[in-house]
Each structure stands twice: as structure tokens, then as C-alpha cells.
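Since the structure comes first, as C-alpha cells, the remarks are kept for the end.
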Amino acid sequence: MATTKSFLILIVMILATTSSTFASLEEMVTVLSIDGGGIKGIIPGTILEFLEGQLQKMDNNADARLADYFDVIGGTSTGGLLTSMITTPNENNRPFAAANEIVPFFFEHGPHIFNSSTGQFFGPKYDGKYLMQVLQENLGETRVHQALTEVAISSFDIKTNKPVIFTKSDLAKSPELDAKMYDICYSTAAAPTYFPPHYFTTNTINGDKYEFNLVDGAVATVADPALLSISVATRLAEKDPAFASIRSLNYKKMLLLSLGTGTTSEFDKTYTAEETAKWGAIQWMLVIQRMTDAASSYMTDYYLSTVFQAQNSQKNYLRVQENALTGTTTEMDDASEANMESLVQVGENLLKKPVSKDNPETYEEALKRFAKLLSDRKKLRANKASY
């Protein structure tokens, strides 16, 4: 009798724990963040293709798309382009691009985007005309409010000297942010020295014209927009009672997937103090942005890893990054077929690598684990909505 009673108590405890786990999963906010990096966007594109493929298998649904699973998708520069591709609706109100179409997009258009050199020593390296053309053709007249999930795409206004973040949740108070997606995409990709800044106008709540003079989002958020994406997710939660559990920035209630475009561990070893002691403005100008981006990306990852671990929720944060790029794969604008093939290989090889020295789990295993959480959460919400 005592054994039976103990067994029943154990069953009740298991059911209670399971129920609590699923309730917690149902309440979680899911965030996808994609770094900038020009043609190196092929690397996160390869990772996204793997993740979406796993979700399709788990849910037995070939039409499953990443926008169905993430509450917030954010990106800067090429990450902003990827964000638009997987959240902008087509005529059937589904994402106009599946994840497995991202890499082919780069192969088709990359050589043209990074081939229209202006030939001006004092001007941008590329004229940006083909980039704008392909964005208009693919994104059409779609605006921010039509995105299939919340987005967070950053840019920087060089006239007001302020960052500009395009999100759906800010449109009620700032309708001027409801810009066309192709204007936003070009702006977040308009890296100084590579592409010209972008000027366009929208309308304010009073119907007045509002001007934008924008450059690359990395100027505003550096190359890693993960913190930006989290802040948007937190503000989104403040407005939605379903996400009440994360209003105090409880990372236990957040799933964050952050995708990098690769760095090189050798970069910091390239120069010595003795060598750079005699450098002037021109020499520093050629490398300082890369140094700043690499350092800031590292610090963002370090901060997020620390705060997630402090709340005993380190499994809720996954940073997918290749830290050992070499040769032409380090370049933002080498769109030669050979280099793009190498970038695909980098992404595929990355899946087999361990997440860190302290975590033997491979990126492939970690992404499968993330996919399972995303799939289960979607099913739980669908079941709740059906009642």
C-alpha cells in the first residue's frame, strides 16, 4: 500500500513538473538576431536553412517558415536583408523567401551588387543601383506593418545623428516608421565607403512629410543586433498579457538565437604596438571599423552569456559564430563564386563544431534542441488558441 501511495505521489510530481515546464515554454518569447557582414550573410543563411529544415521535419509541414516560430526577428546590414526576406509576405501572405532560398539569392545577385564600382577614389566603392533594383523587385510596395512577425531592423540617420529602429510595435506612436521594406533594407545595408547613404520620405501622424537620411545599421547597433532584438522583445512583452512573465527581463522566459557572419581569431594578432605606433589617420581608418565590430560583437556575446547564465538559463541563448575565418572569406564584398562556395562550406562545417570549449554540444545538436523547443511552443500555443 505504501509503495502504491509513493508511486502515485511520484506520478503526480512528474505530471506537475511536466505541466510547469510546458506552461513555461508556452509563455516564452522567441527571438532571432542576425548579424551584418555583407556577402558573409551566406553563413547565417546556411544556418537558417538547416534550422527551418528541422522545423519542417518535426512538424511534418513543408510550408513551415521561421516567421511562424519567432516573436521577434532582428537584423542589421545583411542581417536586415535576411530579416526582410523571411518576414515580408508574398501574395499568399507567407514569407516571400524560404530559408533555403537565401543562399541562392546571394549567388544570383551578390556578384552584381558588389560589381557596380563607381570608380571614384573619394566616393563609395559601389553605386548601390543594382542593390536597390533587386530589393524593389523582390519586396515590392510592402511596408513594415505587413511583416509576418515583429521585426527590428536598425539604421542610422546622419542628419539627426540618431539611430532609427524599424519595428511594428512602434508604429502606433511613430507612423513615419512604416516605411517600405526596400527602403529599409537598402538603408541598413548602406555601409559607409561601400554604398551611398539613402534618402527617402514617409508621412507623420499629422500627414507631414518626414525625411530619412540613413546609413548602415551597424553604425547604430554595431554588427551584432542581439541586444536591440531583446529590447524590442521586452517592449513587445509589456504590451501583450501573454508575455507578462518576462516584463522584468526574466531571461528564463526568453529563447534567443543569435547568428554571426564570422570573424577571424587571427585579426587581433595581425598588428603589434611597435608596428602601429607610427600609424596616422589613414592607416587606422582602414582597420579600426573591423576592430570595433569584432570587439563589440564579442562583448555583446559575453554580456548575454553572463546574464543568461546568472539566471541559470544558459540553454536559452545560442550564439552561432565562426571565429576562425581566413583568406577571402573575411571580406564583406568578395562575391566571386569561389569565395561564396567557401562561405557555404564555412556554414556547413560550423554545424559540426562544438558550441564552445566548455560545451561539447555541436551547433547542429544545439540547433536541433532549439528547433524542438520552438516546435513544442508553437503546438502549445495552437492548442491553447483552439479552446
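Positions of Cβ are set from backbone N, Cα and C atoms, glycine also.
According to Swiss-Prot, the protein carries these features:
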- SER77: active site, nucleophile (ACT_SITE)
- ASP216: active site, proton acceptor (ACT_SITE)
- 361-385: coiled coil (COILED)
- 36-41: motif 'GXGXXG' (MOTIF)
- 75-79: motif 'GXSXG' (MOTIF)
- 1-23: signal peptide (SIGNAL)
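Look at the motif 'GXGXXG' (36-41): DSSP puts its residues at 4 helix, 0 strand, 2 coil.
For the pair SER77 (active site, nucleophile) and ASP216 (active site, proton acceptor), the C-alpha distance works out to 6 angstrom.
Across the motif 'GXGXXG' (36-41), mean pLDDT in this model comes to 95. DSSP assigns ASP216 (active site, proton acceptor) to coil in the three-state reduction, placing it in neither a helix nor a strand.
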